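What TrEMBL records for 13-44 is coiled coil. According to TrEMBL, the feature compositional bias 'Basic residues' maps to 133-145. According to TrEMBL, the feature compositional bias 'Basic and acidic residues' maps to 161-178, 198-212, 239-251. Per TrEMBL, compositional bias 'Low complexity' is recorded for 179-197. What TrEMBL lists as domain 'CBF1-interacting co-repressor CIR N-terminal' is 8-44. According to TrEMBL, the region 'Disordered' annotation covers 133-251.
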Amino acid sequence: MNILHHKSYHVYNKKNIEKVKRDEAEAEKQEKQKQDRITLAESEARLDLLRKKANANLPNDQVTKPVQHINLFEHAVVKGNPEHEAELEEEKEKWNKQITMYLGHGAKKEDDPWYAKKDDKAVKYKDITTFKNKHKDKKKYKKGPIKLQEDPLDLIKTQLKAREKQERKSERKYRSEKITAPSSSSSSSTSPSSIEALRAKRLEREKNEKFRLKQLYLDSDQDTESLDERKRSYNSQFNRDETEQAHKRRR
């Protein structure tokens, strides 16, 4: 325990030793007080039991009168008015009922405070016509919702509706023009000579496209034969040209 002897949590530190002694003394004191209370309670219980036994052994005429403190001035004690005491007791009980909630007794409506009672307007206004007219006046002077003169949302909605209307109108116009187009133009465009010319143009266009693709993917001196996989170099090779030259020299 010589390790870290300067720390506050060391067992044999001077402060810790004193603290342990104080705690032991306090615990011993509390235990002594507890034993004293137990001894006092046992002595009182034994004394009470002995008194009961002594009263039981007395004759019957003396048992009826329990042992009490002797009051030499009993006749001089002024007793209060019983009616006044009854009134005071009744007021005290009434106050306790107001501030205390007893289990098993529901709250009575007549005991509710004024702020918890419901205000019946029909009872307040005895005259029914006056009550109805008052409600009519409230509805008459009731303010409606606030409306803005230039609401941005309403302005956007009107613009969108106008745009949709214009688009529908232009679409109907385009359809009507397409339907009423002359049939002669359609018949002339579908003649056999025009079909042959279009077919020849299409074939020429496909031929040119194939040639362009061939020129794009193949060099001028390279044929369409597949390359040997053993002669193909890596895509991520560092010195590709030098490696190919070295292979050619070996051959």
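Sequential numbering from 1, following the chain as shown.
For all residues, glycine too, the Cβ spot is worked out from N, Cα and C.
Using DSSP to sort the residues of the compositional bias 'Basic and acidic residues' (161-178) gives these counts of helix, strand and coil: 18 helix, 0 strand, 0 coil. Cβ atoms under 8 Å from those of the compositional bias 'Basic and acidic residues' (198-212) belong to no residue of the same chain, restricted to positions at least 6 beyond its ends. Mean model confidence of the coiled coil (13-44) amounts to 93 (pLDDT, 0 to 100 scale).
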